[in-house]
Amino acid sequence: MTLTASSSSRAVTNSPVVVALDYHNRDDALSFVDKIDPRDCRLKVGKEMFTLFGPQFVRELQQRGFDIFLDLKFHDIPNTAAHAVAAAADLGVWMVNVHASGGARMMTAAREALVPYGKDAPLLIAVTVLTSMEASDLADLGVTLSPADYAERLAALTQKCGFDGVVCSAQEAVRFKQVFGQEFKLVTPGIRPQGSDAGDQRRIMTPEQALAAGVDYMVIGRPVTQSVDPAQTLKAINASLQRSA
């Protein structure tokens, strides 16, 4: 895989690293952000922080120069999902996502909502199977497919609906690149440098392994946010990825 910048005109980095900002406190989050360089990563804002601090928090991160992945995983009736995705585009985020399990009509409505934004539209990504889920979790929901097979089915639907890519586990990346092509972007949580604790992720991989597997954007949280020197940790990860590319 070649390390390339996003097609978004807002992109300020060609690093595939997206740091997950999982903080309970706004000041703690901004204190961390002020220690790192927007040229070394993008930032992911999820449900907790967005619910606590709202769009203004996203704007504060953007004012510091960061591209933002708004990880709210919209899953609703088509009209509501479309309006939510358009609101994310109005906020100027770099990437936004929905749940593929919302179905084709919901995903098509979301994609169509971004057409007026042209080249300024955020990347539109769908979540397939959460990386915390195992086969037993899917069985509880009445899904008899393995996590990998179910994720591939949802990814195929996502591509059919015209999305830019999917969130998937790194283990699915090789297969997905073969099936869906190089332009279909793969966003992968559960990426942890060698020696990091697995935390609540079940299907994990190192950054170097993820790059080799074809992952386009790798989400890394606590190994960076809890690092004594997060700026150096990011530089070390990016350097290792450049060596592996």
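Using N, Cα and C of the backbone, Cβ positions are placed for all residues, glycine too.
What you see is a predicted model, and the numbers here were worked out from it, not measured in a lab.
The substrate binding site feature in Swiss-Prot is assigned to Asp22, Lys44, 71-80, Thr131, Arg192, Gln201, 221-222. Marked as active site, proton donor by Swiss-Prot on the basis of sequence analysis: Lys73.
Here the features listed in Swiss-Prot are placed on the structure.
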residue: Asp22; record: substrate binding site; Cβ contacts under 8 Å, 6 or more apart: Gly46, Glu48, Met49, Gly221, Arg222, Thr225
residue: Leu72; record: substrate binding site; Cβ contacts under 8 Å, 6 or more apart: Gly46, Lys47, Phe50, Ala84, Ala88, Val96, Asn97
residue: Lys73; record: active site, proton donor; Cβ contacts under 8 Å, 6 or more apart: Lys47, Asn97, Val98, His99, Val127
residue: His75; record: substrate binding site; Cβ contacts under 8 Å, 6 or more apart: Ala81, Val98, His99, Ser101, Gly102, Met106
residue: Pro78; record: substrate binding site; Cβ contacts under 8 Å, 6 or more apart: Arg105, Met106, Thr108, Ala109, Ala110
DSSP three-state assignment for Gly221 (substrate binding site): coil
Just to verify: the residue among Thr131, Gly221 with the fewest other Cβ atoms within 10 Å, which of the binding-site residues is it? Gly221
Can you see whether DSSP assigns Leu72 (substrate binding site) to helix, strand or coil? strand
